[in-house]
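A short write-up of the structure that comes next.
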């Protein structure tokens, strides 16, 4: 099936950018950059390129929130095609770790989200059965996954009228990782009552009922997951595994190989007098081997993935990329963030696992259960489109062509940029804030330190300006509530340090003030300045004031680039008779889980809004877990559960005090 785009017709710079990208990719350019200004509709451009080329596509986003937003947009643009969402399936994740200085072992603790797990299986099923597939993914796409050849080869084909003895069918379901549960039928499970089998594919939302007559399949139908009502008749179906890590045939041979590595490593420790490490490794690994023999799996089975997938030591693991056909296309959204993220994933994972191996918690082969190195990622992709308003050095150095998308479909211009002296800057700033407040507009102010932000906010409030500080410790709910209050006019000015994070594209903001603009560094680099300037690009009166005693090189380049874009936009509007208008964007209510900071419920949200809030909290929880701030991660997990309960219309679960209890062994 071909891709069928059902979105708005391209406008502004979109047609030119689409044609440029398609031409470059058809000419065989391996790396191409789409340099698209904020608000120019880069998603529509990506969609039209995918439609024109007709190739499966992977769109990588830097975090779960942006991935969810992109997936929703692509589903609207391609309602007849397979748009899949592939992120980590953990609601709560605490990686296995060891802190030698404290002799503290932290066992892996995780809570899997069954809906996200279903979406992951839906992704791999789609990739193996059709070509009209767009996968929107997070960095989870470069982490280990099962062997796609095994996943494809082990599927089960059931057809009406064909012989299939009941016991053979049950045995095959167990081989594919499906669990029997005659009470609770959910994705990845099946139940059997007499000659009726009900199977819930791991990637579907509705189970399949198979009715046997003796050894023959008499009837196949799809049924309602709750009522059991027959929805439609099926001539047959293909069932893919319920797990990406299948126990291969010849399991005993694999276990012998693991045991061989174990005794070599035990001997290594004993020769160095590290008896404790040897004993620890022996106990843990023998326990895992026994679990694998009896149950076919064990906690942390992914650490033995090298043996199960037949990979050689040091060889890259199978990942989602291996499920794509060879000619697939990759888009790296917000590439100035995504590229460094891809470059850094391997090193962080290796450092944590190396400690576990060195102290006898894991075999050296566990190091092969890892994300891809950046160079390995590039080896697996044939063509990449970098998408960003401010492409990084890697993108610009390697791209055979840079395609610009400067003109917005709305006709809005990049904001006016003015450099102002630091003398009396606060008084000048207050005058600007008051002027905009009188017109019903808002102001964003960015400073360099927490102390400066706190002192400036206090000073503004003391002088009658309704200002708030966007504190770095605010969680997702408080942050969204603060932005909502700004948009509703409860206050007129928001002071912050890093205004580059998502969620700050506020149409009511007509002034962005950057203090200490000439202090070069991460938040005052050319790329950061252009991104911050873009925060005023959704208002027709948008202005940016740079307070500085001198014009730094970064400032000069950012101003020149903004002025260049603005000149192009003005010329286009003049030629086409377009009058820019401020973006109209609905102000969404913010909801908090019950008992959260004793805050009252503000308003009921739609299911889509609730899911967006949950995605934001999941991102914060991951970040807390990666920073080893497990108390905060546990609190965020409880908040997520409360929101999910509200989404499902049930009573919120009780929070787990202090997180889950952890066992040692």
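Yeah, the Cβs are placed from backbone N, Cα and C, and that goes for glycine too.
What you see is a predicted model, and the numbers here were worked out from it, not measured in a lab.
Among the ranges 41-64, 65-88, 89-112, the stretch that Swiss-Prot annotates as motif 'Beta-hairpin' is 89-112.
Per-residue confidence over the domain 'Helicase C-terminal' (425-591) averages out at a pLDDT of 87.
Annotation note: residue 42 (ATP binding site) sits in a helical segment as assigned by DSSP.
Long-range C-beta contacts of residue 37 (ATP binding site), restricted to its own chain and to partners at least six residues apart, with a cutoff below 8 Å, comprise 389, 405, 406, 408, 414, 534, 537, 565. Counting other CB atoms no more than 10 Å from each candidate's CB, the binding-site residues 38, 40, 43 peak at 40. In the structure as shown, the Cβ atom of residue 36 (ATP binding site) sits within 10 Å of 24 other Cβ atoms. The ATP site, placed at the center of the C-beta atoms of 36, 37, 38, 39, 40, 41, 42, 43, has further neighbours from the same chain whose C-beta lies within 8 angstroms: 45, 389, 405, 408. Counted within 10 Å of its Cβ, the other Cβ atoms near residue 41 (ATP binding site) come to 22, all protein chains included.
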